[in-house]
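K.L.:
Here's a structure for you.
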Amino acid sequence: MNTERDSETTFDEDSQPNDEVVPYSDDETEDELEDQGPAVEPEQNRVNREVEKKKETFRKDCTWQVKANDRKFHEQPHFMNTKFFCIKESKYASNAIKTYKYNALTFLPMNLFEQFKRAANFYFLILLILQAIPQISTLAWYTTLVPLLLVLGITAIKDLVDDVARHKMDKEINNRTCEVIKDGRFKIIKWKDIQVGDVIRLKKNDFIPADILLLSSSEPNSLCYVETAELDGETNLKFKMALEITDQYLQIEDNLATFDGFIECEEPNNRLDKFTGTLFWRNQSFPLDADKILLRGCVIRNTDVCHGLVIFAGADTKIMKNSGKTRFKRTKIDYLMNYMVYTIIIVLILVSAGLAIGHAYWEAQIGNYSWYLYDGENATPSYRGFLNFWGYIIVLNTMVPISLYVSVEVIRLGQSHFINWDLQMYYAEKDTPAKSRTTTLNEQLGQIHYIFSDKTGTLTQNIMTFKKCCINGTIYGDHRDASQHSHSKIELVDFSWNEFADGKLAFYDHYLIEQIQSGKEPEVRQFFFLLSICHTVMVDRIDGQINYQAASPDEGALVNAARNFGFAFLARTQNTITVSELGTERTYSVLAILDFNSDRKRMSIIVRTPEGSIRLYCKGADTVIYERLHRMNPMKQETQDALDIFASETLRTLCLCYKEIEEKEFAEWNKKFMAASVASSNRDEALDKVYEEIERDLILLGATAIEDKLQDGVPETISKLAKADIKIWVLTGDKKETAENIGFACELLTEDTTICYGEDINSLLHTRMENQRNRGGVSAKFAPPAYEPFFPPGENRALIITGSWLNEILLEKKTKRSKILKLKFPRTEEERRMRSQSRRRLEEKKEQRQKNFVDLACECSAVICCRVTPKQKAMVVDLVKRYKKAITLAIGDGANDVNMIKTAHIGVGISGQEGMQAVMSSDYSFAQFRYLQRLLLVHGRWSYIRMCKFLRYFFYKNFAFTLVHFWYSFFNGYSAQTAYEDWFITLYNVLYSSLPVLLMGLLDQDVSDKLSLRFPGLYVVGQRDLLFNYKKFFVSLLHGVLTSMVLFFIPFGAYLQTVGQDGEAPSDYQSFAVTMASALVITVNFQIGLDTSYWTFVNAFSIFGSIALYFGIMFDFHSAGIHVLFPSAFQFTGTASNALRQPYIWLTIILTVAVCLLPVVAIRFLSMTIWPSESDKIQKHRKRLKAEEQWKRRQSVFRRGASSRRSAYAFSHQRGYADLISSGRSIRKKRSPLDAIIADGTAEYRRTVES
C-alpha cells in the first residue's frame, strides 16, 4: 500500500513538468528515451540489448530494389510471389490500374453476394425461400419478392452506374501515352505497359504515370515544378529537385539509355510526404528523399522537359495505396435503430410462437373434429403448430420493414445535398462551398456535446504578418515604442528605398530601419540575414517580380519580412543560396540543411560564407532553442521577457540563433552526416542524432513575432454554440500565454472565469484519487456511490493545461525504465505473476485517473490544451468519447489535425492555408469556422428531427399495418391467414405509404433557419435524445398496436350483422379486406399530415396523391379484364366496385379513420397547451418573432465600450475587435427562459410601434 501511495503523481520543485516543453514525439523510441539520463541497467538486459543490436545490423528497411533500364532484373525468380497454389506473380505491380469491382460475368453474382451479406436482405431472402414451401406459406411469393427485388434493383443499378464510370476512367487512364526508353531510344507506349525500372520523359502539363525518381530537368538547378491537386487538393505549385550528378549527366537520350543506376528504397506505402532510399551509381551512393520523387497523379507545370526512373508502378504507387477504404463511421441513431429492429424480430418470433401454440391447441380442440377442414393429411396438432409458426413468420414479416434502410439512405443523401447547396455556407472570396463528404452522419450533427478545435487556421485566419521582433534584447515593431527612441512618427514605414520590397508589409517602427541602414548594431543585420537564408522557401520570378513558395505561412512571412527590410532571398541551387544584402548580391555555399519537422521544432542551415568561414543558422520554438544555447548568452532573460510580451498579445514566436563552426569540427561532423544520409535503416533517427551533435552552444540573436488574426464571426459562433450547451475545447501547439489570450479574444474565457492550470488540476486529482483509494474505489474499479463535483455549483471555471502536464496527469509519460525492466529471457512464474499484478494495478489506476480528469474537465465551461502533439489531440478526444459517451466533433485545417478529425465521431475540415489534408480526412468541410453554427444548429438539428420523425412514423405505420393479421388470427383458428389482399401487402410499403414519409424526412422543419440560430437552446433535444429513444420507440409501437385494433375491430363489428341497400350482406372476406385496407391507407397518410410541421405543395400532393394512387390501383386490380389475363394472381374481381358503392362501407371507413386520428389530435392539443416544448413556444409566437426581426433590422444598434483586459493586445488594427475581446460577457451565463425572451422582445416591439 505504501508503494502504491508513493507511486501517485506528485512533484518536487525539480521534477515538475515544464509548461513550455513540447511533450515527447509520437515516434520517440525507447532508446532515445534511455539517452535522456543515466540509469542502473541489469546485466542480463545489457546482454540482451547487445544481441538485439547485432541482429539489427542485418536488418534493412530498404528492401525494394530497382535497376534502371533492366526489365529482366525485376523478373528474377526471387522477386516472384505465390498468389494461388502454383500461380505466381511478380512482386512489382504492372502500371495498369483497376479500380472497378465487376465485369460482365461477375456483376450479377458478386453484387447479389455483397447485398445478401447485409442482414436485412438475407433475412428477406430466407422468407422468400419459406414462402416457396406450400405447407408453410399462406402468402403469394410475390408479396416478398417484389419489394425485395425493388430494394436489390435500386442498389444494383446504383452500383452498376458507379462501376461503369470506374471502367471508363480506368480505360482512359491506362491508355494514356508516355515516352519510355526502349531499345536505346524513346518510344511512345501506353501507361499500362510501363514497368518498374523504365526511364521516362515527361513534358509540360503531362500527368505523371507512376512514382518516379527525378533524374534531370530542363529548368536551371535541376528544379521541376509539379501540381499536386489530385493528391492533396493543393493548387499551389511544389518544387522537386534532382540529384546534382544525375541532372548533370542524364540530359541527353544516349546517356539516359545507358543509365544503369541501382536503387534500394522502402517498400511501397501510403506516406505521401516520406521517402527513404539510396541511389548506387558510379561506385558512389546518394541519399534519396521525398523532394526527389515525383508522384503519380501530379502534373508537370512550368517545366519544359524532365526525365525520371520508375520506382513504384500501378497499385504500388502512393496515390493508389491511399485509395483504400476509410474507417466507416456510424451514428448513434444507427446503433439505436439496429437494436430496435432486433427488438422487433424478437417480438415477431414471440408473437409467431404464441399464435403457433394457439393453432396447435385449436387443432386439438376444434380442427380435428371439423370434417369440412380435413385436408387429406393426418398431421398431429404439434406438427401443424410448427408449420404455422413459420407461416406466421411470413405473414407478420412486415413488422421488420424491408425498405427502412433504403429509405434512410435516400433521406441522408438528400440532406447531404442540402448542405452542399447552402449558399449561406459558401465562401465567395475563395469560391469554396460547404461540402458533405459523407452521407451517413447528418443527423448526428444535431447531437454534438463537445467540439474539439484547432487554433491556427481554424479559429484564426492563418495569414501570417510580421509584426514585431526582439533583437539583442530590444523590442521593435510597435509605433508606441517610437518615443523610446526619440521618435514621434506613427505613420507606416516607407520601404521605397528597397527595390525588392513588396509594398504589402505594414510596419510602424522607423527606428529599426535606421538601425539596419546605419549598421550601428551588427546583430540587427545578422537577424534579418538569418531570416533570408535559413529556410526551405523556393523562389520564382513572375513578370520580373520575386514570388516565394513556402512550406508554411510562418516561413513565408519571415522570408518576406527579411526581403522588405533589405535582405532579399534571390535564388538557390542544391549547393548555393543567393541573397541581396542591402542591394549587394552575395552567394553562399550550402553545406547542409537540417530540416524542420514537428518533433525537432526547429531547422538549421550550415553555410560557407564568401570569406570562407562556416556558420550554422538556426530558428525554432523557444523551448527547443533555449535548451541548446551557450551558457554565455547575456540576452536570454531579456528575450524571454519579450517572448512573454509577444505571447500576451497572441503573437506567434520563433527564436533565432547562430554559431561559428571550425573547419575541423565540420569535417568530422560531415562524415557522420553523410553516413546517416545513406543509412539503410532508421535513417530519420540517425539524422536526428547527428543534428543534435552540431546544434548546441548556440548564440541567441532574438525572436520574431507574427500576427495571425481571428477569423470573422468566431466569438459570435462560440457564444451561440455555448448557448446550445455545446462545450468547446481548444487543442493547440502554441504557447500557454498565446492560447490563453486567444481564449479571451474568442470569448471562451471571460473576466469572471476562474482558470485552473496544470498544478491545480494535479492537486485536485491527487485528492480525489486518495479519497477513492480510501473507499476502495481504484482496486474495485468502481466510482464513488454518488458523483461528487470537483467545484462548487454555479462557478464559471476554465481549464488550461499543457502537453507536458497532460502526460503527467494521465500517466501517459514514457519512462526510460520501461525497456530496462523488460527482460528478454523467461522469468520465473512468481516474477510473471508479480509483474502481471503490478501492470494490472497500474492500468486500473491510470484508467481511474483518466476518468477523473475527464469528469473534472467536463465541469469546466472551457478547456484549452496547449503545447500538445497530434497524438495528444486524438487522445483527448478519445478520452471524452470513452468516459462520457458523448458525441464529439473535431475541427481543424492542417495535417496535424487529421488524427483528431478521424478519432472524433464527426470530423470537420477547414479549407485554409495549410493544404487540404484535413479536408480530405474529414466528413464535412467549409472555408470558415463561423459556418459551424449553421451546420450544427440548422442542418444538424433539422436532420436529427427529420430522421427521428421518419423512424417513429415508419415503425408506427408498419405495426398498424401488420398487427391487423394478429387480431384476425383470433377468428380464423390461428391459421396464418392474411387480412388483406396479397397485392395490397406487396405495394403498401412500396407505393401507398412511402412517398409522404420520405418527403417529411427530407423537407420538414419545426422552425425556420433564422429562428434556429436565434434560439440555440432548441438544439438540446438532440443532445438529450428526446425525440428518438426506446421510450419513443415503444410509444410508436403502442400507437401502431392501438391503430391496428381500431382498423380491425370497427370494420369487424360493422360487418357482423349488416345488410346493404340491395338486401345482401356485404360481410364477405374480400369486402372486409378492402374496407380495412382503405381505412389503413387514409389513416396513415393523414397521420403523417398531423406529424408535418412545414407544409409545402409537394407534401400535400404526396399525401393525397398516395391515397388516390391506392384507389386507382385497387380498382384496376379488381377489374374483370386483369382477372381474365391472370386469374390466379388477381382474385378480388369486382370487390372494390361492389363494396365501395355501399354508403355503409364509407361510413365505416370514415368512422375508423376518425377513431384512429381524433385521440391523436386531442393529445397533441393538450400537450402543446399544457406542456409545450421550446419549439412549440416559438411556433406559437412565430409571426411576432418575424415582425420583431424585421423591426430590429431597421434599427441602428450601438454598443458601449469596455476596458481591455490586455492593454498591449495586438490582434487587429481594425476598429471593432476591442469590444469582442474585452466585453467581459460570460458565455456561460444562465439563459433566460424562452417565454421571457419572447415576452421581452414583444413588449419592446410594441413600445416602439406605439411611440
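Backbone N, Cα and C atoms are what each Cβ position is placed from, and that goes for glycine too.
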K.L.:
In Swiss-Prot, is SER1175 on the same membrane side as LYS203?
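P.N.:
Both are annotated on one side of the bilayer.
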K.L.:
According to Swiss-Prot, N-linked glycosylation site sits on which of ASN283, ASN378?
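P.N.:
Residue annotated N-linked glycosylation site in Swiss-Prot: ASN378.
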K.L.:
From ASN368, ASN472, pick the one Swiss-Prot annotates as N-linked glycosylation site?
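P.N.:
The residue tagged N-linked glycosylation site by Swiss-Prot is ASN368.
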K.L.:
Please report the distance from the Cα of ASP897 (Mg(2+) binding site) to the Cα of ASP454 (ATP binding site), rounded to the nearest angstrom.
P.N.:
7
K.L.:
Which sequence positions outside the topological domain 'Extracellular' (974-982), separated from its termini by at least 6 residues, show Cβ-Cβ distances below 8 Å to it?
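P.N.:
Same-chain residues near the topological domain 'Extracellular' (974-982) but 6 or more away: 138-140, 142-143, 355-356, 358-359, 362, 388, 391-392, 394-395, 964-965, 967-968, 988, 1048, 1070, 1072-1074, 1076-1077, 1117, 1132.
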K.L.:
Give the helix, strand or coil assignment DSSP yields for ARG652 (ATP binding site).
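P.N.:
For ARG652 (ATP binding site) - judged by DSSP and reduced to three states - the answer is strand.
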K.L.:
Six or more residues beyond either end and a Cβ under 8 Å away: which residues meet both conditions relative to the topological domain 'Cytoplasmic' (1004-1032)?
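P.N.:
Apart from its flanks, the topological domain 'Cytoplasmic' (1004-1032) reaches 332-333, 336, 340, 424, 443, 446-449, 720-721, 723-726, 887, 933-934, 936-938, 940-942, 944-949, 951-952, 1092-1094, 1173-1175, 1178-1179, 1182, 1185, 1189, 1231, 1234, 1237.
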K.L.:
Counting distance between Cα atoms, which of the binding-site residues ASP454, PHE596, ARG652, GLY733, ARG867 is nearest ASN378 (N-linked glycosylation site)?
P.N.:
ASP454
K.L.:
Return the count of C-beta atoms lying within 10 angstroms of the C-beta of PHE596 (ATP binding site), excluding that atom itself.
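P.N.:
For PHE596 (ATP binding site), the 10 Å Cβ neighbour count is 19.
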K.L.:
Looking only at ASP454, LYS455, THR456, GLU555, PHE596, LYS619, ARG652, THR732, GLY733, ASP734, ARG867, LYS873, ASN896, ASP897, which the record lists for ATP, tell me the maximum pairwise CA distance in angstrom.
P.N.:
25
K.L.:
Report the same-chain neighbours of THR456 (ATP binding site): residues 6+ apart in sequence with Cβ closer than 8 Å to its Cβ, ordered by sequence.
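P.N.:
For THR456 (ATP binding site), the qualifying residues are ASN462, ARG652, ASP708, THR732, GLY733, ASP734, ASP893, GLY894.
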K.L.:
What counts of helix, strand and coil residues does DSSP assign across the topological domain 'Extracellular' (1116-1142)?
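P.N.:
The counts are 14 helix, 0 strand, 13 coil.
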